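Colleague: For reference, TrEMBL lists these features for the protein:
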{"type": "BINDING", "residues": "GLU145, ASN187", "note": "S-adenosyl-L-methionine binding site"}
{"type": "BINDING", "residues": "ASN187, PRO188, PRO189, TYR190", "note": "substrate binding site"}
{"type": "DOMAIN", "residues": "6-73", "note": "domain 'Release factor glutamine methyltransferase N-terminal'"}
{"type": "DOMAIN", "residues": "118-204", "note": "domain 'Methyltransferase'"}
Amino acid sequence: MSTRRLLEEAASTLEQGGVASPRHDAEVLLSHVTGTPRALLTLTARVDDVQRRTYLEMIAARARRVPLQHITGTAAFRYVDVEVGPGVFVPRPETELLAGWAIDAAREILQQGRPPVVVELCAGSGAISLSVVHELPDARVHAVELDESAHGWALRNLDGTGVDLRRGDMADAFPDLDGTVDVVVVNPPYIPLDAWESVAPEARDHDPQLALWSGDDGLDAMRVVEQVAWRLLRSGGVVGAEHADAQGETAPAVFTSRWAEVRDHADLADRPRFVTARRP
């Protein structure tokens, strides 16, 4: 069977399984199996019998809506590759914008002549923290994750980076840093409990429940973020928190009573995606 035909049949299988990007995922998996760049797959890829069996097993798993990143074992995030798998939330492309905001905010502190202090709450895989230290090696980065399995993935990703990773609840994390932090960044759980049916199987069935659901309105965790960030940040420090696209008004409202410069930011699809605020 030609590589082109193999890809076509794999994409058809994924489409029948309800995968949103069947051709893309079929190409990514074949590239992963063969070590051939996606752009060259139909030109140079040679698929032997062992590779073909492995590939078809991966396609079958993806058709069952196992996340693509769980199958390959990595997720690309900004300029780093993050190890992921069962038990940890897969970082999304839209979160790269939040990470970029945090890096820019930390860079402003660095330009003032001192190393910025950055805290990531609900760290999950550690993707945001890893991006911060990758792009700003002089930053002092601290991260916390409650879930045991997710914390294990973060340990793996942040090993040797100098990030201070702790396991625990964000609500009482880092009392030793109270009033000293420049940037707090977080991608908290934000899905309302009644939205179960609307969530894609890749997230609903494979991401940790602790990373998804957040009360009746999806903002229970955001309210905790507001309190923790207020405690941790110095005067003039900033917080950035991701939210659902339907929370473009309700998420910023959590911060309006005592924060300055409360602003919501859109993602690349022009949907409300994260809120930022400055501590007076």
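Cβ atoms are placed via backbone N, Cα and C, with glycine included.
Since the structure is predicted, the reported quantities are computational estimates derived from the model, not experimental observations.
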Colleague: Cβ within 8 angstroms of the Cβ centroid of ASN187, PRO188, PRO189, TYR190: which residues besides those meet this for the substrate site?
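Modeller: Here the nearby residues are CYS122, VAL186, ALA211, SER214, ALA221, MET222, ALA241, GLU242, HIS243.
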Colleague: For the domain 'Methyltransferase' (118-204), what's the mean pLDDT in this predicted model?
Modeller: 95
Colleague: Relative to the Cβ of GLU145 (S-adenosyl-L-methionine binding site), which residues of the same chain, six or more apart in sequence, are found under 8 Å away?
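Modeller: Correct list: CYS122, ALA123, GLY124, GLY126, HIS151, ALA154, LEU165, ARG166, ARG167.
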Colleague: Residue counts in helix (H, G, I), strand (E, B) and coil for the domain 'Methyltransferase' (118-204), per DSSP?
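Modeller: Taking each residue of the domain 'Methyltransferase' (118-204) in turn, the totals are 36 helix, 21 strand, 30 coil.
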Colleague: Give me the DSSP three-state residue breakdown of the domain 'Release factor glutamine methyltransferase N-terminal' (6-73), ordered helix, strand, coil.
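Modeller: Output for the domain 'Release factor glutamine methyltransferase N-terminal' (6-73) reads 51 helix, 0 strand, 17 coil.
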